[in-house]
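Copied from TrEMBL, the annotated features are:
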BINDING   199-203, 240-247, 338-340  FAD binding site
DOMAIN    1-86  domain 'Photolyase/cryptochrome alpha/beta'
SITE      Trp271  site 'Electron transfer via tryptophanyl radical'
SITE      Trp325  site 'Electron transfer via tryptophanyl radical'
SITE      Trp348  site 'Electron transfer via tryptophanyl radical'
Amino acid sequence: IGALRWHFLLQSLQDLQKSLCQLGSCLLVLQGEYEPVLKAHIQKWNITQVTLDAEMEPFYKEMESNIRRLGEELGFEVLSLVGHSLYDTKRILELNGGSPPLTYKKFLHILSLLGDPEVPVRNLTAEDFQRCRPPDLGLAECYRVPLPVDLNIPLESLSPWKGGETEGLQRLEQHLTDQGWVAHFTKPKTIPNSLLPSTTGLSPYFSVGCLSVRTFFYRLSNIYAQAKHHSLPPVSLQGQLLWREFFYTVASATPNFTRMVGNPICLQIPWYEDAEKLHKWKTAQTGFPWIDAIMTQLQQEGWIHHLARHAVACFLTRGDLWISWEEGMKVFEEMLLDADYSINAGNWMWLSASAFFHQYTRIFCPVRFGKRTDPEGKYIRKYLPILKNFPPKYIYEPWTASEEEQKQAGCIIGQDYPFPMVNHKEVSDHNLQLMKQVREEQQR
C-alpha cells in the first residue's frame, strides 16, 4: 500500500489510542508475523480469548483458521463476529443454494428474507474497560502506535483526508444534517469532477473500520422513516451499502476473484501488455486533461469520485488502452484510501465489462464526459495548474488550440504538457469490435 494509505491507517490507530486512554484503557500495537507474535504473547500475558472480525477475504480466512488451530494448541478461545459487513455472507450464500452465480436482483430478494441487519452492538463504557485492563500499562510505550518515520514512510505526501473514528463521526453527522439530501440522494446524479466530494466521502472510514456500517445503515433508516418520499436501492445511500455487501458476498464465494485467469465469473480477454502506456496512465501523462486531473487527485489525496473512477478505469481497459483491469486494480489498491479487496476487484471487473456489467457499448469519452458537469474546467485547473490559463473551449482539448493561443496560455502542447497518447475515436471503435468478438466467441 502507498504512503497515503499508511498515513490514514496510522492516524486511525492514534485516534483509537486516544479514545481508549480517555476510558482508562490503551491500545497495544504488536508488529510482526501474526503466528509467532501470538505464540509469544499468549503465554507471556496469559491471554484466554482472541477476537476478530468474521473474515471473507482469502488471506484473512486462512489467518482465522490458523488462529483457531493455535487456539486449540495453546488453549485460548477464538471469538469471531460479523462486524465489517452488514450481513453474514455465509448465510446469504446458503440461501442462494451454495455458490452459483448471484445477481444483484437475487441478492436483494435474499436480503428481504433475512430482514434488517443486526442492531449495532452497544458502546462500551469506562466501567467495561476497567474490568478488562491490559496486562501491564507500563508496556504501553513499548507497544505504542508506530510513527511514519518508524516504518520509513515518506512525510511529504499528506492527504487532506484524516484517519480516525473522530473524523469519521464528524463527517457522518455533517452529511446526516441535511435530511432532504439524504432522503433524495441518487448516485448517478452526483458530480464526478466537483471540487468537494458530492457523495458522503465515508468509504475510507468504513474500509479501515473507523465507522460502523451498521450505525450508518440505521441512521439512514431513521431518516427514511420520517421522509414522505425517499430514493431506493440501488441508487439510494442504503443502496450503496448493499452494493458493498453484494461484492463481499460474491467475492467470498469466487475463486481467484482478483485475477482474470481461473476466475469463473470473469470474461477471459487477451489484454495488451504495455508498461509504457500503463505508466503514462498511472502518472497522469495521458494527454487527456480530465483523465490526468483525476489521476493527479488520486495521487495527491487518495480519493476520487466514483464516476471519475469509472472514467479512468474505462480509459485504461476497454475504452482506450486495452490494458488489463488487474493492472488498474493494483494502482487503486496502492493509492485509494478506501481500497478494498472485494469492492476494488468487483468494480474493476464491472468497468472493464469483464463481469457483472454487459452494456459494453457504452464507452466514456475522455473529453465530453467531464465537460458536461464542469464546462469551465475548474477541476482541471485545480489539479493541472499547467493548463489553468487555457480558455474553457480548449481546457479539455488543449492540443486543438493554435500555437499562438498555446503561447498565450503559457503551455506548449508536446513540450509543457503531452499530446494525447491515443486517438480516442479510433482506438475506442477498434476496442469495441475486439470486445464484441471476445464476447461472441466465449458465448459460443
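Yeah, the Cβs are placed from backbone N, Cα and C, and that goes for glycine too.
Please treat TrEMBL annotations as automatic predictions, because they have not gone through curation.
These figures come from a predicted structure and were not determined experimentally.
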Please name the residue among the recorded positions Trp243, Trp271, Trp325 whose C-beta has the most neighbouring C-beta atoms within 10 angstroms. Trp325
Looking only at the domain 'Photolyase/cryptochrome alpha/beta' (1-86), what is the model's average confidence as pLDDT? 92
Neighbour count, 10 Å Cβ-Cβ cut-off, for Leu241 (FAD binding site): what number do you get? 21
Rounded to an integer, what is the Cα-Cα distance in Å between Leu241 (FAD binding site) and Trp325 (site 'Electron transfer via tryptophanyl radical')? 23
In whole Å, how far is Trp271 (site 'Electron transfer via tryptophanyl radical') from Ala339 (FAD binding site) when you measure between their Cα atoms? 23
Tally of residues which DSSP labels helix, strand or coil - the domain 'Photolyase/cryptochrome alpha/beta' (1-86): 48 helix, 10 strand, 28 coil
Nearest to Ser203 (FAD binding site) in three-dimensional space, by Cα, is which of the recorded sites Trp271, Trp325, Trp348? Trp348
With Trp348 (site 'Electron transfer via tryptophanyl radical') as the reference Cα, tell me which of the recorded positions Trp243, Glu245, Phe247, Trp271, Trp325 is the closest one. Trp325
Cβ neighbour count (within 10 Å, all chains shown) around Ala339 (FAD binding site): 21
For a quick check of packing: other C-beta atoms within 10 Å of the C-beta of Ser203 (FAD binding site), how many? 21
